[in-house]
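> According to TrEMBL, the protein has these features:
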{"type": "COMPBIAS", "residues": "101-112", "note": "compositional bias 'Pro residues'"}
{"type": "DOMAIN", "residues": "62-472", "note": "domain 'Major facilitator superfamily (MFS) profile'"}
{"type": "REGION", "residues": "93-114", "note": "region 'Disordered'"}
{"type": "TRANSMEM", "residues": "12-35", "note": "transmembrane segment"}
{"type": "TRANSMEM", "residues": "161-185", "note": "transmembrane segment"}
{"type": "TRANSMEM", "residues": "191-208", "note": "transmembrane segment"}
{"type": "TRANSMEM", "residues": "220-243", "note": "transmembrane segment"}
{"type": "TRANSMEM", "residues": "249-269", "note": "transmembrane segment"}
{"type": "TRANSMEM", "residues": "290-308", "note": "transmembrane segment"}
{"type": "TRANSMEM", "residues": "328-348", "note": "transmembrane segment"}
{"type": "TRANSMEM", "residues": "355-375", "note": "transmembrane segment"}
{"type": "TRANSMEM", "residues": "387-407", "note": "transmembrane segment"}
{"type": "TRANSMEM", "residues": "419-440", "note": "transmembrane segment"}
{"type": "TRANSMEM", "residues": "446-467", "note": "transmembrane segment"}
Amino acid sequence: RWLAAGRASRRLVLVVVFVALLLDNMLLTVVVPIIPTFLYTTEYEGANSSVAPAWTEPAPPALKAPPFSSMFSYFDNTTVTVLGSASTAELANGTESSRPLQPPASSPPLPSGCPEGEEFLAKENVRVGLLFASKALIQLVVNPSVGLLTNRIGYHIPMFIGFVIMFLSTVMFAFSGTYTLLFIARALQGIGSSFSSVAGLGMLASVYTDDFERGNAMGIALGGLALGVLIGAPFGSVMYEFVGKSSPFLVLAFLALLDGALQLCILQPSKISPESTKGTPLPTLLRDPYILVAAGALCFSNMGVAMLEPTLPIWMMQTMCSPKWQLGMAFLPASISYLIGTNLFGILANKMGRWLCSLIGMAVVGISLLCVPLAKNIYGLIGPNGGLGFAIGMVDSSMMPIMGYLVDLRHTSVYGNVYAIADVAFCMGFAIGPSAGGAIVRAIGFPWLMIIIGVTNIAYAPLCWYLRNPPAKEEKIVSL
């Protein structure tokens with residue numbers, strides 16, 4: 001009886017979509033502080049390890065002289081007995097006196113200041129940007145197919161396929177130690193994310209048919225997305241700093257298993273339930289100017305934070321000498337304010353006008369991005385990042401319900417394809433953002449990158465006015 005009631009409950013459908021978006025976006029952002037520092041420590045320090053043997057290899061012989069092993073010091077020329085186990089007594093006062101001066105010459109990378117290797121960090125902007133963008137690029141390619149699939153077989157099976165792929169991607173992240181394997185794991189995540197987001201949002205739109213209720217439900221579901229973004233970066237940076245690279249991914253893999261069990265109980269993925277009416281073809285929806293305006297707002301507003309993800313941690317390492325845990329914490333204000341914005345404007349946007357809410361949101365996104373390079377330390381990032389997250393929450397919580405409303409008003413009320421378009425717009429932001437952002441930073445610097453994307457958002461904002469009162473198609477007017 002409980003399962004039967006659960007399958008008929010709209011709230012439990014909302015819970016499942018909430019959890020799926022939460023885990024997807026935790027995995028999306030948990031890598032943001034980990035990947036730049038992980039690649040730096042494994043590749044840059046590994047490349048320069050040829051300098052180290054001059055002073056690291058003598059360490060084992062010191063263990064062969066028990067009386068002196070506990071007194072080993074680079075600063076005491078009389079007691080250093082690192083070289084040679086047979087003639088340590090003679091070397092301690094003679095040749096050794098010049099040897100201890102070598103380690104300090106190669107030890108500057110070790111203190112916890114600004115990292116060395118400016119040229120390596122500049123190149124890493126591009127590589128990290130491409131790695132982050134790979135998820136969105138793959139999702140971009142897969143989304144239209146998933147939209148068609150949901151129109152044919154319903155939302156349950158694609159939702160469960162998304163869980164399986166996401167679980168595999170998470171486990172692969174945990175045990176990947178090279179750039180290539182991390183790239184493959186990120187691309188695999190894009191496939192799973194496509195299934196989860198398109199099927200989840202389409203399911204919500206089909207269950208919540210009233211426009212006001214749908215707006216509230218979308219706001220709550222996007223709260224799951226926001227919570228994932230909120231927890232991901234700080235959780236990843238703290239776990240990586242104090243436990244290790246694999247730990248945050250193993251925790252996410254365990255949570256993904258719980259989500260899969262919940263889907264099996266509630267959603268019945270073995271049951272095929274095709275749509276009773278045929279949905280509007282994807283090319284027809286793409287020719288609708290109002291859907292394109294809404295999709296553009298989603299794309300450009302999210303492109304701002306997408307450009308920050310690979311470039312801000314590296315910029316902080318270069319200019320602020322930030323430790324690992326701060327690289328993730330810098331995104332915390334944006335995540336908290338996004339969580340507040342999506343839940344608050346899920347309700348308010350319907351009252352004040354969703355077009356006005358998104359117009360103001362895009363303008364605030366642009367202003368916040370312009371203020372990011374002015375920060376001199378992590379505390380200076382609180383205001384700009386907080387404003388950025390709140391404004392993106394305004395745009396997302398307005399545009400997602402508008403997508404469903406435009407289909408109801410102007411097309412057939414089947415939502416797989418339109419939410420595939422919404423997800424494509426979201427993914428274009430996260431595909432173009434990191435890949436172009438890394439290249440722009442290398443060419444003209446981080447501040448100019450923020451100016452370009454900030455001005456773009458401010459310039460696009462007035463187009464939201466066209467969503468104020470979109471006209472219905474003639475045949476829809478008759479049915480309404």
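Just so it is clear, glycine is given a Cβ too, placed from its N, Cα and C backbone atoms.
Tell me about the surroundings of these features in the structure.
Mean pLDDT for the domain 'Major facilitator superfamily (MFS) profile' (62-472) in the predicted structure: 77.
Long-range contacts of the transmembrane segment (12-35) within the same chain, counting only residues at least 6 positions beyond its ends with a Cβ under 8 Å from a Cβ of the stretch, are 6, 128, 131-132, 135, 159, 162-163, 166, 169-170, 173, 182, 186, 189, 192-193, 196-197, 200-201, 203-204, 207, 217, 220-229, 231-233, 235-237, 240, 245, 248-249, 252, 255-256, 259, 262-263, 266-267, 309-310, 313, 324-325, 327-328, 331, 335.
Long-range contacts of the transmembrane segment (161-185) within the same chain, counting only residues at least 6 positions beyond its ends with a Cβ under 8 Å from a Cβ of the stretch, are 20, 23-24, 27, 31, 35, 39, 42-43, 127, 130-131, 134, 191-197, 199, 245-246, 249-250, 252-253, 256-257, 259-260, 263.
Remote same-chain residues near the transmembrane segment (220-243) are listed as 14, 17-34, 37-38, 200-201, 204, 251, 323-332, 334-336, 338-339, 341-343, 346, 389, 393, 396-397, 400 (criterion: CB distance under 8 Å, separation of at least six residues from the stretch ends).
Residues 3, 6-7, 12-13, 15-16, 19-20, 23, 26-27, 30, 156-157, 159-160, 163-164, 166-167, 170-171, 173-174, 239 of the same chain, all 6+ positions outside the transmembrane segment (249-269), place their C-beta atoms under 8 angstroms from a C-beta of that stretch.
Outside the transmembrane segment (328-348) by six or more residues, the chain places 29, 32-33, 215-216, 218-220, 222-223, 225-227, 229-238, 305, 308-309, 312-313, 316, 322, 357, 361, 378, 381-383, 385-394, 396-398 with a CB less than 8 A from a CB of the stretch.
Long-range contacts of the transmembrane segment (355-375) within the same chain, counting only residues at least 6 positions beyond its ends with a Cβ under 8 Å from a Cβ of the stretch, are 297, 300-301, 304, 308, 312, 341, 345, 348-349, 381, 383-385, 387-388, 390-395, 397-399, 402, 446-447, 450-451, 453-458, 460-462, 464-468.
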> Check the transmembrane segment (387-407) against each of 191-208, 290-308, 446-467 and return whichever range has the most CB pairs under 8 Å.
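Per the Cβ under 8 Å count, 290-308.
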> Report, as numbers and ranges, which residues of the same chain sit near the transmembrane segment (419-440): CB under 8 Å and 6 or more residues beyond its ends.
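Sequence-remote neighbours of the transmembrane segment (419-440) are 125-133, 135-137, 139-140, 143-144, 146-147, 190, 194, 197-198, 201-202, 205, 282, 285-286, 291, 294-296, 298-311, 399-400, 403-404, 448-449, 452-453.
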> So what's near the transmembrane segment (290-308) in sequence-distant terms, Cβ-Cβ under 8 Å and 6+ beyond its ends?
132, 136, 331, 334, 358, 361-362, 365-366, 368-369, 372, 388-389, 391-392, 395-396, 399, 402-403, 406, 410, 418, 421-422, 424-426, 428-430, 432-434, 436-437, 449-450, 453-454, 456-457, 460, 463-464, 466-467, 470
